[in-house]
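*Asks:* This is the structure I have questions about; it appears just below.
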């Protein structure tokens, strides 16, 4: 096997083994109903994790995505419930606002040379604070369009249902997987993460690419906020607290290097599904605290970082000193 695929293969194998163990212990998990709910419950996390993958592939980090989800969910609820706007028009406004928010962070990162950690941390506080200023309560959304979307599903064999937001998550992974691996923009992202100086010397427009990456991450954060509002039929300023860390964990568990330049969108999907599998197992068990989810994810994160280190050390190798003549 090509060494570059080993972390991805390891993630996939571990997911299959973990799923098999869960099914052996709880046969009810081998059900299309569970699988459909599995995708629906993790749709907003999956979409946010796609954006996080692009950021991490470029060698950056985005801590604002959870706050963007909360803010855009609140704006969506306000425009629909208080101003009576049609959801489709609201969705367009929200996605543009989210993309502009991300682009502004990307511009600060590139032109002012401020570390992404600091810029996106400030963005997180700004977005979460603005959402709380707009409202401190949950705003319910009661609209026929939302009820229609909630009733849409694809019927799976065995009685399972794949909801519209579950399909949207899978479509997001497919579209942005093709963008990452089959377009010039995708190759620019990998080049930027591999070595920004070399990428610039090779003609990669690092400024435009950096701004586009953070705009894309926030755009997908906005889309995730819309999905979250569809999932809960409400907007809440404290929604998706900690999702930025869950999305980063999904990316790393999926085999993407935190230093950038290496990774796969499909790996992130497996990382999201592994997290969802842990949550589903805890629900089936019924005796474990939900905090065991965090413990399991922490263990998986540490294990995959160690695996990446071992694989890439073996791949590069260490030069051996040759013994000279006496």
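Heads up, the Cβ atoms here are built off N, Cα and C, so glycines get one too.
Note: TrEMBL annotation is automatic and uncurated.
The transmembrane segment feature in TrEMBL is assigned to 6-26, 38-57, 63-83, 90-111, 117-135, 156-179, 185-204, 211-231, 290-312.
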*Asks:* Can you say which of 6-26, 90-111, 117-135, 185-204, 290-312 has the most Cβ pairs under 8 Å with the transmembrane segment (63-83)?
*Replies:* 117-135
*Asks:* In the same chain, who gets a Cβ under 8 Å from the transmembrane segment (90-111) while lying at least 6 residues past its ends?
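*Replies:* That would be 60, 62, 64, 68, 72, 75-76, 79-80, 119-120, 123, 127, 206-207, 210-219, 221-223, 225-226.
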*Asks:* What stretch of 6-26, 38-57, 156-179, 290-312 shows the most Cβ pairs under 8 Å to the transmembrane segment (211-231)?
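*Replies:* Of the candidates 6-26, 38-57, 156-179, 290-312, 38-57 scores highest.
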*Asks:* If you count every Cβ pair below 8 Å, which range out of 6-26, 38-57, 290-312 shares the most with the transmembrane segment (156-179)?
*Replies:* 38-57
